[in-house]
Amino acid sequence: MTTDLHTSPASAPPPEADRVNLLDFAKRHWSTIAPIATLLLLIIAFSLVDSRFLRHENFLNILRQSSVLLILATASTVVILMGSIDLSVGSILTFTAFSGALMVQYTGISALLVLLPLIGMLCGLFNGLVIAYGRLPSFLVTLGTLYAFNGLASYMAGGAPVPLTDGGFVNLFTGTFLGLPVIALWAILVLVVAIIVARSTRLGRYLYALGGNEKTSRLSGVPVRRYKVYAFMISGFLVGIAGLLQLVRAKSASPDMGEPFLLPAIAAVVMGGTPLSGGIGGPLRTVTGVLIIAILGNGMVIAAVDPFLQNVVQGLVVIAAVALTMDRRKMTLVK
């Protein structure tokens, strides 16, 4: 008696079914796959263009350059998750940095670790109250406070840069520890806390719910206004930390120091897989977006791409990211 070890043609799945399953998997996880694939392609491309890209020193440089951006992008993620947007993150960074540079001679730099996040949180509180209780679009409100906070910073300093005069406790924010830049360790700490809050707390669940469907959340008993205010306060708090790190890193506060961060911060969130419509994504995905922005900028510098063309490339990448991640069934992007 012999046993037929060959699989019956009827029991073998057709190749077409495998292809359909693979396509279905790619569609369902596109917002996760696309950013990671983009990141890997950038690393491979810049490695082929210039071997200096893969040097250890260059990766440490990327970490330093992207640390403040990571904190700002995390702050933006908190707001974007609920379907809103904060265009004032750059100006809040400028305002908190100027406040720190002016206060440091009276408080010492260690006190700024508490004071600047609190100042940022107050800025976020103002944004949140006007948006939530004034029932105004976050886009328009934060566009207004973008100019307001920048104007306040310039007024306080007379429009001139303010040097950081106190050198005490600077090692808390500069140098290296265990071979990694200290500023990067601060950014990683902020990221880890944000991930825990987003995944394991009521606040995180409510932010996702608001982004998914604000009306349904309200009918389900979620205090929508209150949690909108909380989100903007947390965002401002994180921007205050970023303002302190950027102040120490630059050793001065300048009127335009926050301006270069606004577009990259929002772009990093979207490119990481958190759409402007909110409801999905989160801080962990934002890391991928930040790395894409940082590696794209670093690689173009190493490849000697014209600075003006770098802005063109980054702008086109943002447009592509929005097109690929936006849920077209939810055309009301920001609330």
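Including glycine, each Cβ sits where the backbone N, Cα and C put it.
Per TrEMBL, these features apply:
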- 30-49: transmembrane segment (TRANSMEM)
- 69-97: transmembrane segment (TRANSMEM)
- 109-132: transmembrane segment (TRANSMEM)
- 139-157: transmembrane segment (TRANSMEM)
- 177-198: transmembrane segment (TRANSMEM)
- 229-249: transmembrane segment (TRANSMEM)
- 261-280: transmembrane segment (TRANSMEM)
- 287-305: transmembrane segment (TRANSMEM)
- 311-327: transmembrane segment (TRANSMEM)
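Counting Cβ pairs under 8 Å to the transmembrane segment (177-198), the stretch among 30-49, 69-97, 229-249, 261-280 with the most such contacts is 69-97. Sequence-distant neighbours of the transmembrane segment (69-97) (same chain, 6+ residues past either end, Cβ-Cβ under 8 Å): 116, 119-120, 123-124, 127, 131, 138-139, 142-143, 145-150, 152-153, 186-187, 190-191, 194, 198, 207-208, 210-211, 214, 227-228, 231-232, 234-247, 253, 255-262, 264-266, 268-270, 272, 274, 276-279, 281-283, 286-287, 289-290, 293-294, 330, 332-335. At the 8 Å Cβ cutoff, the transmembrane segment (261-280) and the transmembrane segment (109-132) share fewer than 3 close pairs (sequence separation 6 or more) and do not count as touching. With respect to Cβ pairs under 8 Å, the transmembrane segment (229-249) is most closely packed against 109-132, considering the stretches 30-49, 109-132, 287-305.
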